[in-house]
Amino acid sequence: MSGATSTARHLTFGDALTIGLAAMVGAGVFGVWGPAVASAGNWLLPALAVAALVAWCNASSSAQLAARHPGAGGTYLYGRERLSPFWGHLAGWCFVVGKTASCAAMALVAGAYLWPGWEKLVAVLAVLALTAVTFGGVVRSARVARGVVAVVLVGIVATLLLSWVLPPDPTLWTSRADPDAVSLPSAVGPASVLQAAGLLFFAFAGYARIATLGDTVVRPERTIPRAIGWGVAITLTLYAAVAVTLLVRLRPEGIVTSAAPLRDLAGGVSSWWALTIGVVAGLAALGALWALLLGVGRTLMAMGERRDLPAALGVTATAATGEKVPRVASLLVAAVVVLLVLVVDLRGAIGFSSFGVLLYYAVANAAAFTLRHEWRAGWVVPLLGLAGCLALAASLPLTSVIGGLVLVALGVGVWVARRDVPRRVSPPRGGRGPRRTADRPAG
């Protein structure tokens, strides 16, 4: 047993940090700036700091819970075990809502960077193609994820350095911004900063990936908190550098009116560099979309198997690789994402995503508060994270809040309607026994 344990725990601090950065620094950094600046204007940096603080609290709470509940399921499991089955169901529902909207946002970012002017067409085709890929049982490996984040980091850092070294182009934003179309807040107050922070939270949402590594890292009680702290700090530093550069070079007006601000920033260097950054951003968005589609599908499958949702969502198909893939759930996710792509813009998709994911982590913080007698910071960090999640969720654009509340109410209705449905049924035809009842949400 000890040998198996030592073999399983093979990831070092550097490995955990790299995996966390790969989950955090992705497509969000390419698409979140316009919606955030539209809310906070020049107060973008304080909003970014608030988003990072809430992200750190959430990740710390998740790490403590993961150490005590190593089974798969994330907050879906923590809510059930530490609070009640209802809160576990609500967490899973909010995860599905938030990450489904994230899929739409990632698809729109990919379209904006890969084929400007045809964003929605590219987004729809990307969703359909990647859903087909998941049916083949193909998933991104950790090595591929690390390669993607390395390319993204090099591309972003090179763009920032070149933007500061080369002389500024005074037409960089004015050539793209119609003064009559620019809509910036006339007065920025705490509510505006919180709203921008809620939107910027979207770009940090992969941090909890580190918290799920408890059974594979060396000395998890020390490694995971360090990796979380350093991961959030590095990501915040990078995002702050991007924010300052965009504010100085594109100005708030140029950021708000740009569908692809980092590509426009690269355009101030050269047209070929703008094309390069467009491809890098598009590939990063497609990679994130790929992982999210599979993660949401598997979460729906897990909830179907537990009878928190209709049992049909638990139906799987066997891919060529021999892996079980959530057939019905994946098709449902793809259909909803395509619908969102067609009816909402990027700001709306990010707002819906942040609302659902913030409520998901609100449940995580509430569950972590039950550890206050075991965790030295358990009286402070979970309460700060819970308050932060609720404050940011309530501060999001009104359409996101109303739409999110409607979907949450629908989730509660599903729980009430299905609470008397037996939780265990016979395995599907051809099965040999009950399958795993939960799968870890991605991010």
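Positions of Cβ are set from backbone N, Cα and C atoms, glycine also.
Those TrEMBL annotations? Automatic predictions, nothing curated.
Listed features, source TrEMBL:
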TRANSMEM  12-34  transmembrane segment
TRANSMEM  40-59  transmembrane segment
TRANSMEM  90-115  transmembrane segment
TRANSMEM  121-139  transmembrane segment
TRANSMEM  148-167  transmembrane segment
TRANSMEM  187-207  transmembrane segment
TRANSMEM  228-250  transmembrane segment
TRANSMEM  270-297  transmembrane segment
TRANSMEM  328-344  transmembrane segment
TRANSMEM  350-370  transmembrane segment
TRANSMEM  377-394  transmembrane segment
TRANSMEM  400-417  transmembrane segment
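Counted as Cβ pairs under 8 Å, contacts with the transmembrane segment (377-394) are highest for 187-207 among 12-34, 187-207, 270-297. Ranked by the number of CB pairs under 8 Å to the transmembrane segment (90-115), the listed stretches 40-59, 121-139, 187-207, 228-250, 400-417 are led by 121-139. Here the transmembrane segment (400-417) has Cβ contacts under 8 Å with residues 86, 89-90, 93-94, 97, 308-309, 348, 351-352, 354-356, 359, 393-394 of the same chain, all six or more residues outside its ends. Proximity of the transmembrane segment (270-297) to the transmembrane segment (121-139) is established through 3 or more Cβ-Cβ distances under 8 Å for residue pairs spaced 6 or more apart.
Away from its own ends, the transmembrane segment (228-250) comes close to residues 17, 20-21, 24-25, 29, 33, 37, 42, 44-45, 48-49, 52, 55-56, 59-60, 63, 153, 156-157, 160, 163-164, 168-169, 172-173, 200, 203-204, 207, 210-211, 258, 261-262, 264-265, 268 of its chain (Cβ-Cβ under 8 Å, at least six residues beyond either end). In this chain, the transmembrane segment (12-34) lies apart from the transmembrane segment (121-139): fewer than three C-beta pairs between them fall below 8 angstroms, excluding pairs fewer than 6 positions apart. Between the transmembrane segment (328-344) and the transmembrane segment (40-59) there are fewer than 3 Cβ pairs closer than 8 Å, counting only residues 6 or more apart in sequence, so the two stretches are not in contact. Listed as Cβ neighbours of the transmembrane segment (187-207) (distance under 8 Å, sequence separation of 6 or more from its ends, same chain) are residues 20, 22-24, 26, 28-29, 32, 35-37, 39-44, 46-48, 50-52, 54-56, 58-59, 102, 105, 228, 231-232, 235, 239, 347, 350-351, 353-355, 357-358, 391-393, 395-397, 443.
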